[in-house]
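Under the heading ATP binding site, TrEMBL lists 171-175, HIS234, ARG278, 329-333, 358-363.
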Amino acid sequence: MIAVSLVKPAVRLLLGRWHPFAYNAAKERTVWNGGRHCSRFSVVRNKSDTMVDAAVMEKMEAGFAKLAASDSKSLLKKYLTKEVFDALKNKKTSFGSTLLDCVQSGFENHDSGVGIYAPDAEAYSVFSDLFDPIIEDYHKGFKKTDKHPAADFGDVASFGNVDPTGEFVVSTRVRCGRSMEGYPFNPCLTEAQYKEMEDKVSSTLSALEGELKGKFYPLTGMDKAVQQQLIDDHFLFKEGDRFLQAANACRFWPTGRGIYHNDNKTFLVWCNEEDHLRIISMQMGGDLGQVYRRLVTAVNDIEKRIPFSHHDRLGFLTFCPTNLGTTIRASVHIKVPKLAKDYAKLESIADKYNLQVRGTRGEHSEAEGGIYDISNKRRMGLTEYQAVKEMYDGISELIKIEKSL
């Protein structure tokens, strides 16, 4: 039996993602989350470890009742039936995560589109009765018996410019999320681990060459004016919105967070925002081909230096189930003023082509100056190349319809 000392930090613990790594007894730690411990390793389990705390159960029951009585349109409300709730409310992962850890953001924000996050990798299995139908619904039919295909970026030369005349597309962006193998999800990450991850990312990216060559900027100590300018330019991230805050996804902020960008600011890497890494290629105009090729080159280069965690069935694991699989999000900032006059029609057309419409600054934001952020919606059950092609085909069709109105 291994003796484990329990230390209760004065900060809230967050939800995040976990990835398997080698057992090391010397590094065994247990941390606290609202009175419930979240152990990095399942070494010794007793009855109290598997019991859901009474206060947690009370909060869970109250949250479920409020959600059930609400007019929420979230996938959480759609699939968290009384039967599913009763079947899962007493379960825990080996890290101490409960159903409440998965659903508390959706409980607090009834206007959520999805409303659920995975506090650790096991949650996708332990609470599969809830995650599986939500994944199937969001990812357009990816069933629990399905297996995500192997990574395939396809023919990177096959994409061109979606808007050669520059009349509609303001900018193009393709990103993917990655988790670093050998590190747990946020509930079990210590402040020291955040710093260690930042050091690894910084040193790794600083070795990139050619078009990708650039500099890493830690958020800690960053000049406020510089930070805000980078946010306004859509280069930098800010602390999580109320949805991520409710999911406890901003622990030790801004420790361990940072941004890398190349000299042209067309290639960015976010360190420890929502995922361990967000790898981003972006530029003005509609040349998706150039943006995609840059991303693929970067991902392949970084993966040689930093191993990524991958799940045989679900693909690349992420905090939010909407990003599982390829994790690819290919998007454009686009002006479609005629379609925008009938937003319901715009969304209907977008949905037909598996596209997602967001505000100018992304999820949970408003369209500024009639500019929308439109991207591929599906990430699972298809390859990286197919995900980007859905966006390419869909945006091409939206432009065609806009021209015809």
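Using N, Cα and C of the backbone, Cβ positions are placed for all residues, glycine too.
Nobody curates TrEMBL annotations by hand; they come from automatic prediction.
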Query raised in the report: ARG278, ARG358: which of these binding-site residues has the highest Cβ count within 10 Å of its own Cβ?
Result: ARG278
Query raised in the report: If you count Cβ atoms within 10 Å of each one, which of the binding-site residues SER171, SER331 comes out on top?
Result: SER331
Requested in this report: Measuring CB to CB from VAL174 (ATP binding site), give everything in the same chain under 8 Å that is also at least six residues away in sequence.
Outcome: ILE280, SER281, MET282, LEU288, VAL291, TYR292, LEU295, ILE328, ARG329, ALA330, SER331, VAL388
